[in-house]
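Some notes on the structure that comes next.
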Amino acid sequence: MKGSFLFTPDLGVSLIVTAGECVDPLVSSLYASSFLASSRYNFLYSANFAKLYGSSGWSPSQRDRQPWLQVDLGRKYRLVAIATQGTFNSYDWITKYTLLYGDRPDSWTPYIMDGGNSVGVTENVFHYAFTAKHIRLLPLAWNTENGGKIGVRLELFGCSYDSYVLQYNGDDSVVYMYPEKRSRTQHDHIAINFKTLEQDGLLLHSEGIQGDLFTLELKRGRLYLHISLGSSVIHKVDGRTTLTAGSLLDNLHWHYVTIKRYGRQVNFTVDSHTVTAICKGEFTHLDLDTQLYVGGVIEQNLPHLPTTPNFRGCLENVFINDVNIIYKAKREEPEIRIPRKMHYACRDILLKPMTFAGPNNYLQVPGYFRKPKMFVKFKFRSWDYTGLLMFTRFADDLGALELGLSEGQINVTIFQPGKKKLQFAAGYRLNDGYWHTVDLAARDNLLTLTIDEEEGSPLKITNPFTIRTGDRYFFGGEGGPILNRFHGCMQHIFIDNEQLDIDVILQRQWGRYAELLLGTCGITDRCSPNPCEHEGRCIQSWDDFICLCENTGYKGEVCHMSVYKESCEAYRLSGKYWSGNYTIDPDLSGPLKPFEVYCKMKSYKAWTVILHDRVDGTKVSGSSIDRPYIGNVNYWNASWDEVTALANTSLYCEQWIDYSCYKSRLLNTPNGRPFGYWIGRNNESHYYWGGTFREVQKCGCAINQTCTDPKFQCNCDADYRQWYSDKGYLDFRDHLPVRKVVVGDTNRTGSEAQFTVGPLRCHGDRNIWNTIAFTKPTYITFPTFRPGSSADISFHFKTYRDHGVFLENSDDQLRNFIRIEMNTTHNLLFIFMVGDGIVNVTLRSPVPLNDNEWHFVQAELNVKLARIKVDYQPWTVTRFPGQTFVTMKFTHPILVGAANRTLRPFLGCLRGLRMNGVPFDLEGKVNEEQGIRRNCTGQCLNATIPCRNSGQCMEGYAAYTCDCNNTAFDGFYCHKDIGAFFEIGSWLRYNIRKKPISDEAAWANWIDPHFDNFSLGYNDTADDIEFSFSTVHTPAVLLYISSFVQDYIAIILKTDGSVDLRYKLGLITHKFQLTHRNLADGYPHYVNITRHNRTIKTQVYPIVELITIVEDARFDSPKSMFMGRVMEVGDIDYEIQRHNAPGFIGCISGVRYNVYAPLKAFFRPNETDPPVTTQGYVSESNCGAFPPVLGYVPWEVDPWFTTIGGYICPFNRSFLILRYYANAGHQHAINNACAFSILPTMVLLGKQTSTLSDVRSRLKG
């Protein structure tokens, strides 16, 4: 509902109301006599102080059990909104209330609203406008903290209302004569208000000689609109369309009807319920003849329509396309004909109904004591299956009589002391919400019960019992020993043939009551319109309803969510790997029904196959181009819309088509008018055949250059007197499926053809993997979400961020919105305001949701509940009370990736977004400049500088970081070398394990490598060793890895500077020379050794070799790593001992064995007691073994950053920042600063000193 923001300056209240200027304040100008209340707290809290922003307010007496505040507006107004607040400067305010309205102060219509508070003003806009002269407010709940009590100040908003009324008695009619005796319209706007006690009656009726019809009638308390824009017997077109709306309209309350027609589209509104339909047929004009009947048809020999009685009740302001019929009738204008005199006023029948609506409601009234006969009569209406209607105790302890509802029947139970109770039932389905009359008469040994005045079949009980009436009768509760309290309405109560005047009885305190609403029947039909979707069956009680979803294919509180998956691909991804028949629902919660298909499951895809009635081939003869044969393709188990939905959501579809011909042309190539073609989606004709490209008017043989006659582009177009065929797959998904095949060249002598259409075969689901990544704070938009009263949302996401809004949709002022967001690493929020304040449903996940893994989110909102879940965690549910009214009427586009007001952008990936079953094409919104990328690709894919040295890129989408935990390096890009300088005699030991691996654990690890969470390197068949070193001293053991058995790995620098590798796996020690060159030359050298099973790959930069070992492929129970010297306890190989003294003297860096980095653990410990032991002088050093990172490094983590100011000196694609000087006279100082900053850099770069001269020359230049 489109609204406008309006401000009332004299009150300071802003309202969002429907279009129009109907927002005048109506209470502020009233006199004190216009206010009335059930009681007052004291004089300062009288009813006349209850004006908004007044200096006090109204508060009732604390002894008042049912307080109310009443306002007489003085005349009838159209009301659109109410504003409430508590009493001035106090803790007194209401939180919920019932609003009653009516034309008179003793006949009310209920309207339930929420309350306000003591500080601000709470405005409630009515979800449909109504007219009233009197308003009564009944507080239901209020603030009780800090001694708070009921307190009210209020204002009503609306505008003046001119009322023209006619009273109908069932034999009245008003006839409106059309100008020029006919009416031809393409657009109509009709409005009518009515109230009645009757369930049936004719409101409007008019006909046309061409079959046009317009009838509005009341049947069984529901309103029916019959409209026809014309029928055709020749073309077999029945244009009659019927719409129905409303329920329980026989309650003597005003009901507001609006009918708007735009061509064939009709909007039919009764109170707040709108039904929309498209009229049958092809006509767009409504052609009516002569006249329109209002309230009934009275003609000679026709007192009323054959199927509908005339209306009994009141009609108000009947407008037919801006013509006020009652106004014209009152002025006796010539186009109005009235068969008999009528009254231009509504003479209400004083019914005085009452509503039993509370958990402890009852009404106690007096009766005549010890009479031998009992007469009780009343009317009731209810939805409850059970409930106590009436109870009385007999005098002289003779027992009691109970009258109640049980399973929709009237149960009569007579209790007698010392005897078995007598119990009988009458009636059927009396809990249908309609008024029913109960008439009970009893005397000794005889009881008669009549339901709905059907005297021909009353229930009679002739068992022996004695009647002596008691002095009290209870209605609705209080006293019955068996049944629950009754909830519903009662009126016309008779005791001993005298009608009770409830007002007099209560005023004189002859009776008592609790939790009653007097003067109104507050029954509500919660099943009309049916809140259960997809043909679910609605069953209701007084304050709630349930939906029975059996055999619908849907589930949930309102049968909204589909039981089935959307595709065969979705079944495959959920773990269904076997082929067979499956039921799918391509639009999930959408309007299309589920249907059965055959799923052919493959390891990497799932084919969906749908058969039809043309698979076996169809022979055609006698067709021509002007009168062709049209073969409809009827798919099994599915409608055309359902099959189209499947094709539309699939990644790929294909359908085989075959045209076999004997002197029968097909496409009439190369340039003729096609004789045959096929019709696909949207009823579009396509003039290409299987095996070719779309829209080229060719067959597959033209593409393969295999046509029978090369002059033609189809085999059949050669028109030979022998059988040929054109066949192939149609695979353009947006044209499929095939709906019809047209054949138009089989009427010549000897011509014959046969066509075959294969089953539709599709695979994939283009919505499941429809993926985008948000890499910048931005959002994308989709058309406004219009869900009605139920909404479901689902999507997948992954992110590293700890917050972000996934999507939002709202109206102009955020008074109506829904939003899903993540506000912490563990909390997922479903926030909305759809009619009853802001509600926040928070899911608290036990695991973090920002782990950059895909998470599946589902959210649902309806009149019963709101809930949200993620992955396989349970639903987080918030249930609503039974009176909840949900209105999701948004005006803004859907925002994906951010919120409307406070941006809170989401950075990460989204895929598979659906809202109410409709998939959203996220990839269609890709915009690289705005930071919206196709697929889940952030900054890691095209990083300016990739993570170095096996560092893992951690996606941040707007940025990225490098995880260096499993490397031997540090820094922003894992580019900082961590090295150590070893002096003579110094050493470092890194303990891999403290105790050996047991035989049982080793065996278990051999069976299952993931057993007991073994880290890489334990009992494994793979080793990865890398480091760099520089030294001028020999010999030395560069790296030694020991074990708890005799296995070891050693890299030895020999006396001549060559490097050997020693591997002992099992019994034999393997010796390999890695290089014969002298590496003790003071320069850095890089060593990498990788083993997989029995194959070893070695690299001593730049030489790479492959080595194969013969024996055991396992390195058992690694124990320790040594650098500097080997200080292992126990026997050490002789060759190791020979090269172990005096130890390694020099620099070694980037040391890593599998996941162990001993130097990083020593210099960058991430635990309080790292497993590292050193002796001697081991100091951290950048050994210059690795070249620097080429590219931008953020200044805050750049080791070469020099704080000189705002001038940038480029060096080797890194930057030095210098102070910016305002004039050119300081250029020399800048050059000197750059040179001074670069000089220490070049000292540490080792062999790259040639760059220094280049830079100096550039600076001088």
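Each residue, glycine too, has its Cβ placed from N, Cα and C.
The domain 'F5/8 type C' annotation in TrEMBL covers 22-159.
The domain 'Laminin G' annotation in TrEMBL covers 165-346 (among others).
Taken from TrEMBL, the feature domain 'Laminin G' applies to 352-521 (among others).
Per-residue confidence over the domain 'EGF-like' (523-560) averages 91 (mean pLDDT, predicted model). Residues or ranges marked as domain 'EGF-like' in TrEMBL: 523-560 (among others).
If you look up TrEMBL, you'll see 559-618 marked as domain 'Fibrinogen C-terminal'.
Per TrEMBL, the feature domain 'Laminin G' maps to 769-936 (among others).
What TrEMBL records for C909-C936 is disulfide bond. Around C909 (disulfide bond), the same-chain residues six or more apart in sequence whose CB sits under 8 Å from its CB are T771, I772, A773, F774, F797, K798, T799, C936, G938, Y957, listed in sequence order.
According to TrEMBL, the feature domain 'EGF-like' maps to 937-975 (among others).
According to TrEMBL, the feature domain 'Laminin G' maps to 998-1183 (among others).
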Discussion item. Does the structure show the domain 'F5/8 type C' (22-159) and the domain 'EGF-like' (523-560) touching, where I'm treating 3 or more Cβ pairs under 8 angstroms (sequence separation 6 or more) as a contact?
Written reply: no
Worksheet item: Relative to the domain 'Fibrinogen C-terminal' (559-618), which of 352-521, 769-936, 937-975, 998-1183 accounts for the most Cβ pairs at distances under 8 Å?
Response: 769-936
Response to the item:
Within 10 angstroms of the C-beta of C936 (disulfide bond), the count of other C-beta atoms across all shown chains comes to 21
